[in-house]
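Written out below as structure tokens is the structure these notes cover.
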């Protein structure tokens, strides 16, 4: 085993500051130079960064296959969701084209596909709430104002990016994201059941809407279209098997087998030859029109509800992007500009919170701009299409080239060959969508792992998932975020404090409950606080200190009461000074002083004036005076894990005076970054001095052993440290 020897002085914080001059750092000023301007421009157009390092031979074929597959699904989904919302079919096709084109240039994730589901649900829920949750589709009554009512939602997304409100998503943990996206996948699954079973089920929204939807499905389950059901099951089985083959042999296959495309073509052919009833009729004359501005008068009616909807849509986008970034081992951040520090296949340098916040803002801007431009061309609000994103990723998509190709497929279908999809049943679409949800639905396997490893995180996952399923995505996200923040508060408010001991023969200190070969000098306690100290946990911290040793305030008051009693007995002549100390000269019961007139004096340092001798509190006192025994002479507080102290904590730490007044020496270690604040807040005085601060635990321990020598054997053991 390798060893090292370090010889250096024993440092307190004051000694170290005197021996080593510190650099006074100045805050950087913002400079406007060419490099910064270039980086800022590139950050607004992230596609330039990854296009510069695009691996043509390795990625192009995969992107083409993924783009074609995603494009066909986008066409089918566009038609289906348009019909679901009682809008003309081409509204959905426009939504699958214009926002995707804009997101190609401004988008920050390379796997998500811009689409209709989450935003459609959000806007639909908004209108349902405004009109009393009617079961009939509301888009018919909205008419021309359909896009105008989305305007506040779209501008809210853009404003969130410009005002840098996207930092809210920084509070979405991986656990919360996993539970939330699983719930979103369940919502999609339920929404596709009506197509798989061939039933007519009205769209519902709001809390428990998924329960009511399932109720309406099972009430008319006997009306199931067996042809649709058999077709869906057959397609799901085939697609599932082929996808498993793609996953198992992806190293040997040049590109994944585009099974969705193959099954769509086969289904169209079978439906046409069998003259089955068609569900989708996009063959009407469609053309792209000139853009028009939204109705500004509608802003006041929906602006208050649009902002939380924008948050939900953005949260879904960020959540899905985060899932895929973890799966493909790359980091999503705002600095999408430097090919020297990142590659598309991974190896992205981890960035701090600032870059993550920049990413959030850029995502808001990209979705806001995509929706504003799309709405001008008759598309309705778009966010992340969960099922299409799953298709784009699972079919081998590498970059947003696949998204661009999917938009081109939509354009071709819209303008030229839409009639070929006339025979296609919607059950085919539902089957393809359900199979592609496998990855998100299988996230439920994380629950047993979380339960074994971190139960608070498991609670966050379960509550977020269940709340999002039952209450809807918007309320579910709010509930999950609230539970997550509560767990953070509880972890910080009730941390696991520990008493440390020296590992024999080293300068290492660990929890004394975890190791056998430890050394604890008599009368020394080392207490570790593993969290920030602030107003919410300062009382908990003081309570834990009492559990470790004793209640210093109670001891101090008992000692001052004892001194009052001793002075009273001396004045009455019942105590006499001898060579052996104070001796009781009278018999009979002796009552302790119960003078309540000056109770505040009991909290002051013990005063031995007017006494002929200093009292040894750990020895037997005369007149049967009882004072709690204190076996600790030194207390070392390890602040290495304390990231900050607030004003309430500083006031609470003033209670260290109580320990000092009962003759317990207090030392604080690893408090370097907080000393400046302590000085500025005038924390130090005649009792609490800066000399009590040390660089490391070992420095403090050696200082204690110098002041309180132990027997030679133990000293030898400690010198090995």
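Sequential numbering from 1, following the chain as shown.
Each Cβ is built from the backbone N, Cα and C atoms, and glycine gets one as well.
Automatic, uncurated: that is what TrEMBL annotation is.
Annotated by TrEMBL as transmembrane segment, the relevant range among 359-379, 380-400, 401-421 is 401-421. Residues 153-173 are the range that TrEMBL records as transmembrane segment, among 111-131, 132-152, 153-173. Between the transmembrane segment (401-421) and the stretches 90-106, 193-214, 226-243, 459-483, it is 90-106 that has the most C-beta pairs under 8 angstroms. The transmembrane segment (459-483) makes contact with the transmembrane segment (193-214), as judged by at least three Cβ pairs under 8 Å among residues 6 or more apart in sequence.
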